[in-house]
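Q: My questions all concern the structure below.
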Amino acid sequence: MQNQIISLSRSLIQRKSISPNDEGCQQLIAERLQAVRFKLEWLPFGDTLNLWATHGEGEPCLAFAGHTDVVPEGDESQWTYPPFSAEIVDDMLYGRGAADMKGSLAAMVIACETFVKNNPNHQGKIALLITSDEEAAAKDGTVKVVETLMQRQEPIHYCVVGEPSSTKQLGDVVKNGRRGSITANLYIEGIQGHVAYPHLAENPVHTALPFLSELTAYQWDNGNEFFPPTSLQIANIKAGTGSNNVIPGELYVQFNLRYCTEVNDEIIKTKVAEMLRKYGLKHRIEWNLSGKPFLADNGKLVQATIQAVENVTQITPKLDTGGGTSDGRFIALMGAEVVEFGPINQTIHKVNECVNVNDLGKCGEVYYQILCSVIPN
């Protein structure tokens, strides 16, 4: 499979699919899948192209999820090799999206192709959910496909997301969950005035300091065996006109929480509201829930993934829930068991992003073995 995976990876990288543009990547994949009798369904939403491709019927449904969009390349002059040339040097494939995640997407496609060729009459359903809206807004991609599938009661029981989960060597980490993410945009009201006449004004920076001190020091929980403790970080803060003689009339604070399963978004909102009342702050607050935490405990897919990684790489992966959010958060809402496995992530979103071509071949082998374990054939 390795040569096919490398060839498809290069073809995908050579398409400059800056999010949410797909630039023909999904069409290329669709043609391959159609050749091995996958049913194709195009699900465009807004400026995003999504592909739902299936082979077989019934249960269980094992889906592979990935994205064709990439982040911008930045200053191309900083790259050793052009970011969309997909050059291979010393067994390393260079290019934007090589590791995140056109390489693993190609590996998933070839693994599914190979499996259905070898097992044309398999039981259950194999699916690929591919979007071009993961790196940017993530509003019209996987989340919309999941909503569509749920509306028509079409389940996904197991899902492998091809995000680059490995850290130092292929297979050292498998993600079996992710923390939730919620952001607050908080506006604290004051009274603008002259700095020489503070008695005629109300400085929202000063009045908010005790609240911010408590907010940043508060311990939400102690985490658990699967998740680290919930953490809060102030991301942006702004007040004032830029002049040194004007007391600001408003303070804007944006903060984000990455939270574990010991709390939920309603607990967080309630506690923050309680703190704001405690200090008598005039305010308005807007919340944006990016994703709830999810965890695939020691289920069938987790065990199949661990076994496949051990067979292919000869190492036992660590199960981990750290890092940012992924599209797995949307698929988990269906009740699916979700894991993430893919190449080494050390160069993702960086200049000279690259992936080892041998690792891509091994990714394909892992995905193939997962198929053999989960789908009756």
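Quick reminder: no glycine exception, Cβ is built from N, Cα and C everywhere.
The Zn(2+) 1 binding site annotation in Swiss-Prot covers His67, Asp100, Glu163. What Swiss-Prot lists as active site is Asp69. Per Swiss-Prot, Zn(2+) 2 binding site is recorded for Asp100, Glu135, His349, and the stated evidence type is sequence analysis. The feature active site, proton acceptor is assigned by Swiss-Prot to Glu134, with sequence analysis given as support.
Locate each feature and note its surroundings.
A: Under DSSP, His67 (Zn(2+) 1 binding site) is assigned to a strand (E or B) in the three-state scheme.
Every protein chain considered, the tally of other Cβ atoms within 10 Å of the Cβ of Asp69 (active site) stands at 25.
Long-range Cβ contacts of Glu135 (Zn(2+) 2 binding site) within its own chain (separation 6+, distance under 8 Å): Ser19, His67, Asp69, Val70, Val71. For the recorded site, Glu135 (Zn(2+) 2 binding site), the DSSP three-state label reads coil.
All protein chains shown were included, and the count of other CB atoms within 10 Å of the CB of Glu134 (active site, proton acceptor) stands at 26.
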Q: Measuring Cα to Cα, how many angstrom lie between Asp100 (Zn(2+) 1 binding site) and Glu134 (active site, proton acceptor)?
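A: Cα-Cα, rounded: 11 Å.
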Q: Look at the binding-site residues His67, His349 and tell me which residue has the greatest number of other C-beta atoms within 10 angstroms of its C-beta.
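A: Sorting the candidates by Cβ neighbours within 10 Å, the top entry is His67.
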Q: Let me check the 10 A CB neighbour count of Glu163 (Zn(2+) 1 binding site). How many other CB atoms are there?
A: 27
Q: Within 8 Å of the Cβ centroid of the Zn(2+) 1 site residues His67, Asp100, Glu163, which other residues of the same chain have their Cβ?
A: Gly66, Met101, Ser104, Leu105, Glu134, Glu135, Val161, Gly162, Pro164, Ser326, Gly342, Ile348
Q: Within the same chain, and leaving aside Asp100, Glu135, His349, name every residue whose CB is within 8 angstroms of the centroid of the CB atoms belonging to the recorded Zn(2+) 2 site, in sequence order.
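A: Once Asp100, Glu135, His349 are set aside, the remaining close residues are Val70, Val71, Gly97, Met101, Ile348.
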